[in-house]
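A.B. asks: Swiss-Prot lists these features:
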- 41-61: transmembrane segment (TRANSMEM)
- 82-102: transmembrane segment (TRANSMEM)
- 106-126: transmembrane segment (TRANSMEM)
- 140-160: transmembrane segment (TRANSMEM)
- 180-200: transmembrane segment (TRANSMEM)
- 213-233: transmembrane segment (TRANSMEM)
- 245-265: transmembrane segment (TRANSMEM)
């Protein structure tokens, strides 16, 4: 992987991790364009995912600081309930990761057709949430957290946007837009770090291929993903507040159709 390829893929990861257009789907498309095999860029994937975690920590640091300050009061307060909701939201993705990891990895290797189909599904979900007008709720309940977690678990499929699925689901449930966007970005931190840790351990044990990627490419990819992630995270929170997700539905529909056509021509 050349440094300019790492730059482009890092930018793609940083932007699409937060924008509701599927980071996994766009990385699959970008890797296919550059001729990069999925098994050969595991180290790069870990690096750019960790970079987006740092982006979240930077942009949402005030919220994270608020959570920890309240959590260490060791009492049942709003901060503790927030953490409980995040833990509840992790249950579905944890089950998928433990029991269905091999099946998910097999789907990732199935080509661009599944990516295109899932992008169309993302477009449909975003459109539905845009036109639906449920009554707004002030706080995210435990039940809502679990349902949003189910949406996150489904979004392990390449092309089905994680942020799009979780935010659209929360909007359909009537959750507060600003709080929903923040919750969506915070709830993904533990799963990303957990997956990165497991993949890193596999590389150390020799159970997975790290890929012969130059250090410069890893550094460039990390910086690109971090910077673009910071911009996208802040931008996306404002987009959700203003209710402008329909534009991303149109984008996903167009890219989905093009991806399906290209997959059939290969």
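Any Cβ shown, glycine's included, is placed from N, Cα and C.
Just so it is clear, the model here is predicted, and its values are computed rather than measured.
For each feature listed, report its degree of burial, its nearest neighbours and the pertinent distances within the displayed model.
C.D. replies: Counting only same-chain residues 6+ beyond the ends of the transmembrane segment (82-102), those with a CB under 8 A from a CB of the stretch are 67, 70-71, 140-142, 145-146, 148-150, 152-153, 156, 183, 186-187, 190-191, 194-195.
Panel annotation: around the transmembrane segment (106-126), residues 20-22, 24-25, 28-29, 32, 38, 157-161, 164-165, 168-169, 245-246, 248-253, 255-264, 266 of the same chain, lying at least six beyond its termini, place a Cβ under 8 Å from a Cβ of the stretch.
Sequence-distant neighbours of the transmembrane segment (140-160) (same chain, 6+ residues past either end, Cβ-Cβ under 8 Å): 22, 24-25, 28, 84-86, 88-93, 95-96, 104, 107-108, 114-119, 121-122, 166, 168-170, 173, 175-176, 179-180, 183-184, 187-188, 191, 256, 259.
Through the fold, the transmembrane segment (180-200) approaches residues 18, 42, 45-46, 49-50, 52-53, 56-57, 59-60, 63-64, 82, 85-86, 89-90, 93-94, 97, 140, 145, 148-149, 152, 162-163, 166-167, 170-171, 208, 233, 236-237, 240-241 of its own chain, all at least 6 residues removed from its boundaries and within a Cβ separation under 8 Å.
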A.B. asks: What else in the chain is close to the transmembrane segment (245-265), if you only count residues 6 or more beyond its ends and a Cβ gap under 8 Å?
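C.D. replies: Contacts of the transmembrane segment (245-265) (Cβ under 8 Å, skipping residues fewer than 6 from its ends): 19-22, 25, 29, 111-113, 115-120, 122-124, 126-127, 129-130, 159, 161, 164, 167-168, 171, 239.
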